[in-house]
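Novice: Below are the C-alpha cells for one structure; questions will follow.
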C-alpha cells in the first residue's frame, strides 16, 4: 500500500497562497492549511482563508493566534497608524515588511507538518516579484528548510511553487487549474483589506493588477513561459 502524501499549505487567503493551495489539492492526497492571525492590517484575510479553505476542501485548517509578532514587529501591516507607502524606507525595504514573519510562519508550519506526518510545507513566497522582502528569497527558504530538518531530525521539504514565477505566470498557473476567476474575485491580497481587485493603489494591488494585465494581453506567451519553467 502506497504512503499517503500530505502537505501543509501556509494559507493567507491571498492570490499566491490560494494558487499554491489549488495546485497542492491536485498533487497531494491530503492537504492541510495553516493561517496566522498576527493582528495584520488586512485582518479580513483570515475569514477569507477560512471560507476558501472550506470551499476548496482542506482536510484540516488550523488558524493560529501569533499576536506576539504584532507586539515585536513594527510595520505598516501591523500598525494602522502607519500609512502603506509605495516608497522604500531608508534601509531599502518596503514599510510593509514584517521582520521575522516568514521565519515564524515556516517554523510553526514545520511543527504542524511534523505532527501530521506531512513531508511538505508549501508557501507562496517568490523571489521574482518579492517586493523587496528578504524572507521571500530562495536562499532564506533553503536555510529554513535545513534548520527545521536538523532541529526536528526529520526530512520535510519547503516547497515554493511560485519562487521563480513572475505575477503574470502566477495568474497563468491559476488559469491552468481553471481557477483564475476564483483567485481574481474571491482572494484578498490588498493591504487595505479589499477583496478581489482591491484598492488599486497599494503595492500588493499594483503588482497583482500589472500581472493580470500582462497575462491577459500576452496569454499564449505567458503560458509558454510558465510551461518551460515548470518542466525544468
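Backbone N, Cα and C atoms are what each Cβ position is placed from, and that goes for glycine too.
Annotation source Swiss-Prot lists ATP binding site at 11, 12, 13, 14, 15, 16, 17, 18, 19, 20, 21. Feature annotation from Swiss-Prot assigns Zn(2+) binding site to 190, 199, 202, 205; the stated evidence is sequence analysis.
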Novice: Among 13, 17, 19, 21, these being the binding-site residues, pick the one whose CA is nearest to that of residue 190 (Zn(2+) binding site).
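Specialist: So, spelling it out, the nearest of the binding-site residues is 13.
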Novice: How many other Cβ atoms are found within 10 Å of the Cβ atom of residue 21 (ATP binding site), counting all protein chains shown?
Specialist: 26
Novice: Which residues, in sequence order, are found in the same chain with Cβ within 8 Å of the centroid defined by the Cβ atoms of 11, 12, 13, 14, 15, 16, 17, 18, 19, 20, 21 at the ATP site, excluding those residues themselves?
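Specialist: Output for this site, in sequence order: 9, 49, 124, 187.
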